[in-house]
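As annotated by TrEMBL, active site applies to D116, D318. The domain 'Peptidase A1' annotation in TrEMBL covers 98-433. Taken from TrEMBL, the feature signal peptide covers 1-22.
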Amino acid sequence: MDFPHCAATFFLFALLFSTTKAVDPCATQSDNSDLSVIPIYSKCSPFVSPKQDSWVNTVITMASKDPERLKYLSTLADQKTTAVPIAPGQQVLKIANYVVRVKLGTPGQQMFMVLDTSNDAAWVPCSGCTGCSSTTFLPNASTTLGSLDCSEAQCSQVRGFSCPATGSSACLFNQSYGGDSSLAATLVHDAITLANDVIPGFTFGCINAVSGGSIPPQGLLGLGRGPISLISQAGAMYSGVFSYCLPSFKSYYFSGSLKFGPVGQPKSIRTTPLLRNPHRPSLYYVNLTGVSVGRIKVPIPSEQLVFDPNTGAGTIIDSGTVITRFVQPVYFAIRDEFRKQVNGPISSLGAFDTCFAATNEAEAPAITLHFEGLNLVLPMENSLIHSSSGSLACLSMAAAPNNVNSVLNVIANLQQQNLRIMFDTINSRLGIARELCN
């Protein structure tokens, strides 16, 4: 026996084992300015997933909440002052999303906040909140917290603000969220830490009470287009640019990334114009001109895709909806062409109405989304989802529910996974590039 050789081999194996063991996939990387984007029910998230027997069933359950999300998006028609009833209640998380780890205050208090591109304001549960989770922000523990009253410009920029006709008082606001939930909050400002970056005087809501099951337990980070969103408040610091890469819901041990600023963004990235709707200023509209199934351009009347600021019609990119939803005539045309090209009987599974035997998956056509100046061919993992047994494959899209203002097409997070989605709010461009996010 070559003992020295065996000893050296054993030492090398032990070194590799110890190095591998030391790596924590959930740890914050201190030398990296990116924020980790974490699937809300992954190992790196503090939230407990619903009791399901597979990740597929978890996604099916999460997708069943999409109609509530679309109902919420349909209410974002303007920024009128609204009154939302608030009632105490135990919170059970009912939304599917991604969270980012940030710190608020000085010293920083860690919060896992939901990433939302269709909302402007950020808000977190604060100590003493009625109906909130046990993890709250402690305002009294921060040395840099400041209050905002009704005379401040930021107050009128928040949807649902409430101020007296005369005199001065703290800026209060009520908002609905997710279609079935509401919150009451006080507007404050404090430092926010994003990886290595600190933004002083960041304006956000300090939640006093919640009702319903869709309010994120540790708050929400609004990345919409309005003046009070994080990207707007950061100003020249990030030049109005951010991007994310969303990992697959299957990525239990891994996370994606959220990048702020033009540095580090893909150098060669295809872009399409971002359209602005003054009646829905938070939303990121894009010009979807058509959809192809395989080599067939689906015959869709242009009026069913056209952007119309007055009605809210058009197509948006949204981080909070699970599966892409098209207005019914558009979806039915896409679905019917897809069914034509797949052999065998069609069945349904949860929100998915076009399922077929997985043995025929090789015949499944690719879905191409045609945007102005950009064609996005969806990888199969972004257009198909499999049953927990693996026997079925389903087209992972659906029709918008007909009980909401069904004029909006929503490109959702399942179709965005493992893509770098870049938002350039100053130049009004949206970029898309392939990237392995896990």
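Glycine is treated like the rest: Cβ placed from N, Cα and C.
Distance from the CA of D116 (active site) to the CA of D318 (active site) is 8 Å. There are 24 other Cβ atoms within 10 Å of the Cβ belonging to D116 (active site). Counting Cβ atoms from all protein chains shown, D318 (active site) has 24 others lying within 10 Å of its own Cβ.
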